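Trainee: Here it is, the structure in full.
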Amino acid sequence: MYVSMKGILKRANEGHYAVMAINCFNLETARAVIDAAQELRAPIIIDLLQDHLTSHLDARFLTNPIIKMAEEASVEVAINLDHGHNVAIVKQCLEAGFSSVMMDASSYPYKENVAITKKMVEFAETYNASVEAEVGNIGAVTGENYTNQAMYTDPKQAIDFANQTGIDALAISYGSSHGDYPGGFTPAFQFDIVREIKEATNMPLVLHGGSGCGEENILESIRLGINKINVGSDFMKAQVDKIKTNLEETPTINYVDLISDTITAGKEVVQYYIQLSGSTGKSL
Ligand SMILES: [Zn+2]
């Protein structure tokens, strides 16, 4: 069932669980994610990052086959443009059939973020697509900087943003970062930010950079109102590790088997996160 995020996140909000959104960039990664969700009867979101669509495989060649997979899936599958920074590309994705987009104008001054996002919400209505946006700025793991408190979401601003734009889901920054944390490091989350925004908006909130956050942080985030959790790094890493092991153990392995095995490895990570998110059995 190919759906937008509207229904699956509305039910997650009412039912106090989260839906997993996993970064995919080719057919094999999408296959792994959909297979994982089907086996657990979980709604799922395929996140296609704008950067991957411009650097790896253009949306024009990728979207249709993934939509086909989603339509034929036995569970609800949404396709979401992740971190759409460029208005023209976000519009192209909607025209190409994405059921959901993230309009990420969070690097602009606040008023511009509001204006750009509001316009995109109006544009997306024509397609009945859902829109996610971001206030504050969820950074990336770089060097010794794992989180930057200066980029945390200001709850008052987030509440105003939600009211002004009419978005379907709001990504907030309260301690997570994109990418891989060094071994043994668990970020400290500022849960008050989640609590305050949820109480005032009662809308679906999104945790980006879910990889490596730790089970306790994720469970507490869900308890306080996070309904969508983005995971990319852990999913990709499992697949790279599988390739490394296969090449070490069977240097003569053929390419088809090598890549097929990454689907199985990726699927296991997705199923771990689905179980953690509480979305098992929640698909229509
Ligand atoms: Zn993100």
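Just so it is clear, glycine is given a Cβ too, placed from its N, Cα and C backbone atoms.
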Trainee: Record says His83, His178 bind Zn(2+) 1. Source is TrEMBL. Which of His56, His208 does it list for that same site?
Mentor: His208
Trainee: Give me the Cα-Cα distance between His208 (Zn(2+) 1 binding site) and Glu134 (Zn(2+) 2 binding site), rounded to a whole Å.
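Mentor: Distance (Cα to Cα, whole Å): 10 Å.
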Trainee: List the residues in the vicinity of the Zn(2+) 1 site, defined as same-chain residues other than His83, His178, His208 with C-beta within 8 angstroms of the site's C-beta centre.
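Mentor: For the Zn(2+) 1 site the neighbour list reads Leu49, Asp82, Ile138, Ala140, Ala171, Gly209, Asn230, Gly232.
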Trainee: What are the non-local neighbours of Asp82 (active site, proton donor), defined as same-chain residues 6+ apart in sequence with CB under 8 A from its CB?
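Mentor: Asp82 (active site, proton donor) has long-range Cβ partners Ala21, Asn23, Asp47, Leu48, Leu49, Gln50, Met102, Asn230.
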Trainee: Can you count the other CB atoms that lie within 10 A of the CB of His178 (Zn(2+) 1 binding site)?
Mentor: 19
Trainee: Within 10 angstroms of the C-beta of Glu134 (Zn(2+) 2 binding site), what count of other C-beta atoms is obtained when all protein chains are considered?
Mentor: 26
Trainee: What is the total of other Cβ atoms whose distance to the Cβ of Asp104 (Zn(2+) 2 binding site) is within 10 Å?
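Mentor: If we count other Cβ atoms within 10 Å of Asp104 (Zn(2+) 2 binding site), we arrive at 25.
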